[in-house]
Amino acid sequence: MNDLIINHIAELILPRSTDKPLKGKELDELNVVKNGTVVIKDGKIVYAGQHTDDYDATETIDASGKVVSPALVDAHTHLTFGGSREHEMSLKRQGKSYLEILEMGGGILSTVNATRETSEDDLFKKAEHDLLTMIKHGVLAVESKSGYGLDRENELKQLKVSNRLAEKHDLDMKHTFLGPHAVPKEASSNEAFLEEMIALLPEVKQYADFADIFCETGVFTIEQSQHYMQKAKEAGFKVKIHADEIDPLGGLELAIDEQAISADHLVASSDKGKEKLRNSDTVAVLLPATTFYLGKEDYADARGMLDNNGAIALATDYNPGSSVTNNLQLVMAIAALKLKLSPNEVWNAVTVNAAKAIDINAGTINTGDKANLVIWDAPNHEYIPYHFGINHAEKVIKDGKVIVDNTLSFKA
């Protein structure tokens, strides 16, 4: 006897399972089954496809008028941080620049101070609250970065919190050491601080899967970033890079040269970098909510990357300064509107390709896969990025069990 059957599904979303990320035109290929059925036993998918009455189960969910998809994958978050920076919104409205806010004690260094002052247990409680919000919105696989400690003690603290979250909630979670995220005030120079972070690589390896660096004007140069990435690979890490967010420094090209698993942001990437994606499996992780939140007009050139047969994914970039959202559904809407992605491209970018960007087996519904699914209160898959700003996730299913039920229930 099977454990659960989800029947009469209006649309069953079945992204294609591949060894490599979907590239170029492949991103627009999505198998959407009308009147579908999913059968689950022992936390695994037994069957997913056209409606069938050939299976029995102890529990049945009628998904008439609903969409079922793989659980979403958020491939770029800064989940563990102390404090918040809502007071900066009024400063920005007054026309204060980032540097002016930084000089007033705000900006990233204020988050660094708050993170350093927050105990590991309190940091865990805050991050857990934010993680549970993600889960309620349909995410069951997450990448979590450090980068607000900027010293040995606090970078380790962030990574330990991330690992504790993964263990407690038994999630598909990957952890990224982003020690070189900024340069703390106490550092004698960018170069000296970078060497401190490189020296930490062997120690943080037990807590982190990836090593990341912020390659940008005023932070770390292309040469420094390459040096760090090479040292990280020597220490056994797969590498990522925050690249070309503001200036076209060539971070995307560097990521491809160093065979990074992903290059993230890429708002200012050059045509040369986009062309180089053609012969690479590096995933371009685009973060349109960041551009939206910062009030900027120029978004990453997703269409140019796809035209060059590149692989792209989408993520929230959840952080307290430039993308204060842990709702990946909102990112899907912004991507459709501002990156000009089709609904099919959006769905692949938050499932199978996002999984490739963090090297996990997720984002698909195939026989034998973990039964990590979302039942959406929506008539079709196009509706979810179309009707933005609310939570469409009705039920979230992890390992075959309903762990979130957002069904509205109230007394008139």
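Backbone N, Cα and C define each Cβ position, glycine as well.
Keep in mind it's a predicted model, so treat the numbers as computed, not measured.
The Zn(2+) binding site feature in Swiss-Prot is assigned to His76, His78, His242, Asp317; the stated evidence is sequence analysis. Taking all protein chains in view, 25 other C-beta atoms sit within 10 angstroms of the C-beta of His78 (Zn(2+) binding site). Taken residue by residue with DSSP, His78 (Zn(2+) binding site) is part of neither helix nor strand, so it is coil.
The Fe(3+) binding site annotation in Swiss-Prot covers His76, His78, His242, Asp317, and the record cites sequence analysis as its basis.
Annotated 4-imidazolone-5-propanoate binding site per Swiss-Prot: Arg85, Tyr148, His181, Glu245, Ser322, in sequence order. For the recorded site, Glu245 (4-imidazolone-5-propanoate binding site), the DSSP three-state label reads coil. Neighbours of Glu245 (4-imidazolone-5-propanoate binding site), defined as other CB atoms within 10 A of its CB across all chains, total 25.
For Tyr148, Asn319, Gly321, the entry in Swiss-Prot reads N-formimidoyl-L-glutamate binding site, with the evidence type sequence analysis. Classification of Asn319 (N-formimidoyl-L-glutamate binding site) by DSSP places it within a strand.
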State which of the following binding-site residues has the fewest other Cβ atoms within 10 Å around its Cβ: His76, Arg85, His181, His242. Arg85
If we check Cα distances from Gly321 (N-formimidoyl-L-glutamate binding site), which of the binding-site residues His78, Arg85, Tyr148, His242, Glu245 wins as closest? Arg85
Cβ packing number for Asn319 (N-formimidoyl-L-glutamate binding site), 10 Å threshold: 25
Whole-number Å only: compute the distance from the Cα of Arg85 (4-imidazolone-5-propanoate binding site) to the Cα of Asn319 (N-formimidoyl-L-glutamate binding site). 10
